[in-house]
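Undergrad: To start, I am sharing the structure in question, which I have written as structure tokens.
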């Protein structure tokens, strides 16, 4: 199969951020036949998986799992009025994915997606601590589709659960096919419909979007973009809030030519996991920008503290789901505060993800552990916010003043010695 081509409208952005085809996935086409050799379930789509896994050194790494050129569909079922239809595929070294469909007299809908990845696949999961298959089940949010209509969605959609992000695009799917013929009637996803909001890239300084045309950024540094809007995010375990975060986020991409991207809270969905010693906040801005923040408790310290250990950023092509840029730093030690307290920093801070990507934060207030009554606990402020911050210029000024006085005294003493020498002659 020939490598996928980049959409023309995004060619420039891909050129700025990396080679087009750096991350690739194969299209899947499954045609399930019934006992009479008639098509009963048809699907063609593209998908990929972003997976965070633990290594033997207790660090976390991010893996990108793509479909291979060889995919089987063993176990797929046509379905009936009393039995769900099942679309199942197997690929790579022990990986599998399936989705089941149910119907009534008028409509059909997807119910559950089951994804199994095999951490024994060392090419994808090097040094994985957990060995063997890992299975997650996600409830699909697909709205009911009229029977004998084919579901079509070219735009990118994603599902996040248990450290796995599933990304889909270019989907054409019809279960319960009647008379063995794929329907000509289409039911489009909301993102594909003409009445939907126009597809735009995230807010990017010096990049203008008109339809799908992107103007080039200047060769100099980008003009300062407006500070990002501050968003409020939270995670729950059951009915109890377990993580709170308030922050404005801006990405600074310096690969080849600089770009600034503001994260829009209105289009950003928060997900993640809470735990006693680690917590992860996953932010998804319109299926275009994925940012994961992982917090760790330092239990070895005399006073237990939490801190930001890892940040992972992924930029997706909204048109076809391909990865434009992926960067990770799992060796951070930022935003530390005593366990049970919160961390606050109103001033701008910068997180270095790699040589090409920075994350700027504004109006930050975060508490990833021991949240009580859905409220932030006592805040420990960063040094930039503290009242002692003014002492730095004062101390520098005093040191310079002392140095000037010392030089002046040395000059006076030197002149006196000079005069004494002249008198003795």
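For all residues, glycine too, the Cβ spot is worked out from N, Cα and C.
As the structure is a computational prediction, the values presented were derived from the model and not from experiment.
Just lifted these from Swiss-Prot, have a look:
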DISULFID  40-78  disulfide bond
CARBOHYD  56  N-linked glycosylation site
CARBOHYD  62  N-linked glycosylation site
CARBOHYD  74  N-linked glycosylation site
CARBOHYD  100  N-linked glycosylation site
CARBOHYD  105  N-linked glycosylation site
DISULFID  153-189  disulfide bond
CARBOHYD  179  N-linked glycosylation site
REGION    193-238  region 'Hinge'
CARBOHYD  232  N-linked glycosylation site
REGION    239-390  region 'Second lumenal domain'
DISULFID  242-274  disulfide bond
CARBOHYD  276  N-linked glycosylation site
CARBOHYD  287  N-linked glycosylation site
CARBOHYD  298  N-linked glycosylation site
CARBOHYD  320  N-linked glycosylation site
CARBOHYD  331  N-linked glycosylation site
DISULFID  345-382  disulfide bond
TRANSMEM  390-414  transmembrane segment
Undergrad: Which residues of the same chain, at least 6 positions away in sequence, have a Cβ lying under 8 Å from the Cβ of residue 242 (disulfide bond)?
TA: 235, 236, 274, 279, 369, 371
Undergrad: Averaged over the region 'Second lumenal domain' (239-390), what pLDDT does the prediction give?
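TA: In the predicted model, the region 'Second lumenal domain' (239-390) has a mean pLDDT of 88.
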Undergrad: Out of 40, 74, 232, 331, 345, which of these recorded positions is nearest residue 62 (N-linked glycosylation site) by C-alpha distance?
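TA: So, of the listed recorded positions, the one sitting closest to residue 62 (N-linked glycosylation site) is 331.
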Undergrad: Whole-number answer please: how many Å between the C-alpha atoms of residue 298 (N-linked glycosylation site) and residue 331 (N-linked glycosylation site)?
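TA: About 14 Å separates the two Cα atoms.
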Undergrad: Find the one among the recorded positions 189, 331, 345 whose C-alpha lies closest to that of residue 78 (disulfide bond).
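TA: Minimum Cα distance from residue 78 (disulfide bond) across 189, 331, 345 lands on 189.
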Undergrad: Relative to the Cβ position of residue 298 (N-linked glycosylation site), how many further Cβ atoms are located within 10 Å?
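TA: Excluding its own Cβ, the number within 10 Å is 15.
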Undergrad: Can you name the residues of this chain that are 6 or more positions from residue 74 (N-linked glycosylation site) yet have a C-beta less than 8 Å from its C-beta?
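TA: Residues satisfying the criterion: 88, 90.
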Undergrad: Quiz question: given the disulfide-bonded residues 78, 189, 345, which has the greatest number of C-beta atoms lying within 10 angstroms of its own C-beta?
TA: 345
Undergrad: Spatial neighbours of residue 179 (N-linked glycosylation site) among the recorded positions 40, 56, 153, 189, 276, defined as Cα within 10 A: which are they?
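TA: Correct set: 40.
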Undergrad: Out of 56, 153, 189, 345, point to the one nearest residue 331 (N-linked glycosylation site) in space (Cα versus Cα); all of them are recorded positions in the record.
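TA: Closest by Cα: 56.
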Undergrad: Using residue 287 (N-linked glycosylation site) as the reference point, find which of the recorded positions 40, 56, 100, 105 has the shortest Cα-to-Cα distance to it.
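TA: Among 40, 56, 100, 105, 100.
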Undergrad: Of the recorded positions 40, 56, 153, 276, which one sits closest to residue 100 (N-linked glycosylation site) when you measure Cα to Cα?
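TA: Its closest listed neighbour, by Cα, is 40.
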Undergrad: Which one is closest to residue 56 (N-linked glycosylation site) in space, judged by CA to CA distance, out of the recorded positions 153, 232, 276?
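TA: With Cα distances computed to residue 56 (N-linked glycosylation site), the winner among 153, 232, 276 is 276.
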